[in-house]
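J.: Encoded as C-alpha cells, here's the structure I'll be asking about.
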Amino acid sequence: MGSIVSRLLSRLLREEEIEDIEEIKKETGFSHRKITRLYRRFTSLDKGGNGTLSRDDFHRIPELAINPLGDIITNGFFPEGEDQVNFRGFVRTLAHFRPIDQDNEKNKNPSATEPLNSRTNKLLFAFRLYDLDRDGKISRDELLQVLRMIVGVNLICSTKTPKGGI
Amino acid sequence: MLRCGYALFWLLGSVLLICVVSPVKGEAVVTREGSHLKLSESSHSNESQHGHSSNITGIPIISFKWHHVETPYLVAFWVLVSFLGKLVIEANHHVTSVIPESALLICFGFILGGMIWAADKVQTFRLTPTVFFFYLLPQVILDAGYHMPNKLFFTNLGGILVHAVIGTCWNAASLGLSLWGCQMGGAMGDLDIGLLQYLLFGSLMAAVDPVAVIAVFEQVHVNDVLFIMVFGESLLNDGVTVVLFNVFDAFVSLGGPKIDAAEIIKGIVSFFVVAFGGSLVGLVFGLLISLLTRCTKNIQIIEPGFIFVLGYLSYLTAEMLSLSAILSIVFCGMCCQKYINANMDENSVQTVRYAMKAFANGSETIIFVFLGISAIDKVIWVWNTGFILLTLLFVLVYRFIGVFFLTWILNRYRLVPLEFVDQVIMSYGGLRGAVAYGLAVMLDENKIKEKNLMVCTTLIVVYFTVILQGITMKPLVMWLKVKRAAVTEVSLLEKLTNKMFNHTLVAIEDISGQIGHNYMRSKWKYFEENWMSWILMKPSARKKQDQVFDVFHQLNLKDAMEYVTEGERRGSLEFVRNENSIIDFKKKSESESFDINNANMSNDHGAMSTTSRDPIPSVSLEMHEQIMKAVREAEAINAHHLLDQHLYKSRKQHRHRFSRSHFDINRDEKEVQEIFQRTMRNRLKSFTSAKMGVKPPKTIVKHTQKEQQQKMPNGKSMDKAKTSYSGDEGSEGDSASGYDQSYMRATYRAGAGIENPAFMPDLDPMDLLQIPPWLGESELDSSMVALSHRAQVDLPRTPSNLRRLAPLRISTRSTDSFTLENIPDTQQMDSDQLQPPPPPPRPPRDDGYV
C-alpha cells in the first residue's frame, strides 16, 4: 500500500496511495470518503508498517479482548490458511456489514454477482463465524462451542457429567 | 419489599411530614431571599419571640431556643424532607418504572407546598435563585463533568456544539419573535410586552436543562451517541444562555433606541469571551486539581476534599468574572478525571465517586421538590391562556424544527449519520428545567412588568416537559424501536444467534474504529502522553497506563474481594459443599435463592456474616437434594430463561453508564472478567502453537533466574511495584512484538518453555500447582474449549486462586497467575506426548475437600 517512505512524507492521505481504489469501490460499494477513512484506520492498526494486518494487530484492540466472539471475528478477516490480510481483504470483510441496498433486492439480476452486502453474503459470513474449522458445515460441537463462548461457564452439559458437574 | 412495608412507608412518611412540618411552619418565618435572611412579618409573629426574652425571672432548666438554630435547622430539615420524599417514592419500583422519579418528586413538592400554603396562607419556602445557582446546581454539574465519557464527547463535539450554539440561538430567537408576532396579532388578549422582553423571555426559555435530561434519560436507555448529543448540548448551551440572557437584559435596560450595531457586535464578542473564558477557567482549575493530587500522598484522607473545593471554586470564579460558570465546572471535571483516577489512592477515587454521586443525587432531589413547592404560590400566578399555550406549542415545535434541520446539515459531514428515530428522541428530549426557572425568577420586576406571567409560564413549561415528556419518553422510545412485533416467542437458537450478531457488530465497530483514529486524535494522544501525563501524573501512575494491564488489575481486585466475601459468608465448612449446588443456584431467579438462603442461614451457620451482596446461597444438603430435583424437572422451562439471563450482553446493551444512581453493573464486570480471561487463554494457546521454536523476545525480567531466562522470558507478576523490565517499557509497538511485550506483562508467554519435555518434570513437583480434578478428566476430549476461570473460582476453591493474590515470590518459576491457570491447559494441548499429570498431593489446609 505505497511505500513507507511515501507514507512518512505525507501525513495527509493521498488517493494514489490506495491502489485499486476504483476496484475496491466497485467491489464493496463503499464511498470514496469511507474507503479513505478505513485506510487510515488500517494503517493505524498496522503497527508493522508492511501493509498487512496480522492477528496480533487485531489482538491489540483492547475492546476485542472483552468481546466473547473477538477471536472468531478476527479469524473471519483472514482468508483460509493465511496469516496476513491486506487492505483489500480488510475492506472486503467490512463490506459485508454495509446496510443492504434496497434497490438491489428489487431488481434481481441473476447474472450479475451479488454485492458483498447482499443478504446471502451476509448470511454466508455469519455461517463462517459458526463454522470454526471451515469445512462448510456446522457440527454440533461447533454450535456448542459458540454457545459456550457466549454464555460463559455456567452451563450444565447434560451429555457429560463429570465429577465437578460442569 | 413486602407490600405492608411499602404501605407502612407511605403512612409513616405522610404522618411524619404532617406532624413535623406544621409546627415548624408555625415557628419558621424565614424566607431565603437575596443574600441575607430576614424575618418576615407575614406569619405568626406572636410565636416568634420564643426564647429570646430579656427578662429572666429564674434560672431556666431548659429553654426553647428556636432562633438560635433557625437557619441551619431549616436547611437540614428541608434536606431531610426531600430525602424522605425520595425514599417514599423509590419504595415501589412499579411506579418509578412508569413515571420518572423527577416527576414524582415534583408532585411531592406540590403536596408539600399545598400543606405549607394551607398552614401559612403564603408561600414561605421557594426555590430562590441564589440557593439554586450557588448551592444546588454546582455539584450536579460537577458530577456530570467528572463522569463524562470524554472519548465519546469529543468525538461528537462538533455536533454537540452546533446544537448547543446554533440550536439555542434558534430556539430563543424563534420563540421570542413568534410570541411577539402573536401578540401583535392579538392572540394574547391585551398583553403589552416589548419585543426585547420577548427575546429575553425566549432566551431563558431556550436552554435545555442538564438536570432534567439526566433525570429522564436515566431510565430510558438510549444509545451512547444519542445520549451524549442531548446531554452534551444541555451542558454546553449554558454558555449561550448566559450571554443571551445578559445581552438581552442589558438591551431591555438600555431601551430600544440605544441599540445599534456596536452593541450587537459587543454582544457577539461577549459570547466568545464568555464561552471560551469559562472553559479556560475550568481547564485551569482542572489542571490545578491534577497537579495537587500528584503531591497529596501524605494526606490521602482528605484528598477527595480537594476535588470538591476546587471544583466549586472554579464555578464561583467563573461566576465572579461573569463568565459561564457551568462551562467552567464541566471542563474542570472533564479535564481532571483521568489524572485524578491515576494519581489518587484507590480509596480516595472511590470516595470521590460515591460522594459526588451522593451530592448530585441529593441536589437533584431537592431541586425537584422545591420546583414543586414553588408552584403553590398565589402571588406569582398570572394566567394568560394565549401566552402560556402558545409558549408551550412553540417550544415544542421549534425544538423539532431546529433539531431536524441542524442534524440534516450535520449528517452530511458525519461518518455515522444520526438516524431519524434518534433525531425524534433528541427533539423530544429537549427538556426545560430548573435553570430556566431560576433565570426567570432573576428577572427584574421594575424593568419587566409581566415578570409573574413569565415565571408561571416557565413553571408550566418545566412541568410539562419534565412530567409529561418524562412519562411518555420511555414508551415513545420503545415504540419507535419496535419495527415488527414479535409474534412468536423466539426460539433458543434465534436468541443465541441474535446475541451472536450483536457481539459481532460490536466487534466490527471496534475493528473499524468508529470512534476512529484520525490525525488530530493521534496528535493529541502523543502530546498528552508525553507532556501532560509527565507533568500531571505521578511517576508510578504513569507506568500503569496500559489499558490491558489496567483491566487485569481490576479483575484481580475483584477476584480478591469476591474471594474474601465468599470465604466469610460461607464459613470454613462451605468449602466442603458440593459444587453442583452453586451452579444451579446461580441460575435460579435470585429472589428464590435468596429466600432459601435466608431460611438456611440461621439454621446452619450461626457464625456467618450476613451479606446481601451476592445471593449465592449456602444450603444444607437436604434442601439441596430437593432443589436439585426441582431443577431437573423444570429444566426445559429454565433453560430458556437461564440462557436469556446469562448470555453475555454486548456493549450495545450496556447503557447504564450514565445513570445518576447506579455505578456499574455487576454482571458487566463478571462478564468482562470471564470473557477477558478466556480470550487471553485462547490467545495464549494459539500463540503458543504459533510461536513454538521462535526465538524468545528480547526483554528479560531482571529477577528471574538466569538459567531459566531463555525458557521463561517474561515471567512477571502483577505486583506493580516490582514490575521491572528493561527494554520497551510503555512504548506501544514499533514492531509487532512490541505491543506483545506490554500486554504480555499480563500473560505468560510460555513460548519455548513448554515445548521442551525435559522441563516437564520441573513443573510437576510444584506444589503451587493444583489441578482441579474435573479438569483432569473431562477436558481431554474437548480441548478446544478452555474452562473459564469462573468455573475454577466458583467450584471448589483451589489454591491456585490464592496464588493469584499472593505476593511476588522470587522463584525459578513464574508466579504469574496466568501461568498457573494455564499450565493445565497447555499441558493438555501437548497431551499427546504426556500423560495427564497425576493429581498432586493435597496440602493439609484443604482437609475435607472433595
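Placement of Cβ uses the backbone N, Cα and C atoms for every residue, glycine included.
According to TrEMBL:
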type	residues	note
SIGNAL	B:1-26	signal peptide
TRANSMEM	B:73-89	transmembrane segment
TRANSMEM	B:101-119	transmembrane segment
TRANSMEM	B:153-173	transmembrane segment
TRANSMEM	B:193-217	transmembrane segment
TRANSMEM	B:224-248	transmembrane segment
TRANSMEM	B:268-292	transmembrane segment
TRANSMEM	B:321-340	transmembrane segment
TRANSMEM	B:361-381	transmembrane segment
TRANSMEM	B:387-408	transmembrane segment
TRANSMEM	B:452-471	transmembrane segment
REGION	B:702-739	region 'Disordered'
COMPBIAS	B:724-739	compositional bias 'Low complexity'
REGION	B:813-850	region 'Disordered'
COMPBIAS	B:813-834	compositional bias 'Polar residues'
J.: Does the transmembrane segment (B:73-89) reach the transmembrane segment (B:361-381) with at least 3 CB pairs under 8 A, where each pair is 6 or more residues apart?
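T.: With 3 or more qualifying Cβ pairs, these stretches touch.
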J.: Which residues, given as numbers and ranges, are at least 6 beyond the ends of the transmembrane segment (B:153-173) yet have a Cβ under 8 Å from it?
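T.: Distant Cβ neighbours of the transmembrane segment (B:153-173) are 199, 202-203, 205-208, 225, 228-229, 232-233, 235-237, 239-241, 244, 334, 395, 398-399, 402-403, 406-407, 409-410, 413-414, 418, 515.
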J.: Ranking B:101-119, B:321-340, B:387-408 by Cβ pairs under 8 Å to the transmembrane segment (B:361-381), which is first?
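T.: The listed stretch sharing the most Cβ pairs with the transmembrane segment (B:361-381) is B:101-119.
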J.: Who are the long-range neighbours of the transmembrane segment (B:321-340) in its own chain, taking Cβ under 8 Å and residues 6 or more past its ends?
T.: 133, 137-138, 141-148, 150, 153, 210, 235-236, 238-239, 242-243, 246, 273-275, 277-279, 281-283, 285-287, 289-290, 293-294, 307, 310-312, 314-315, 349, 352, 533, 536-537
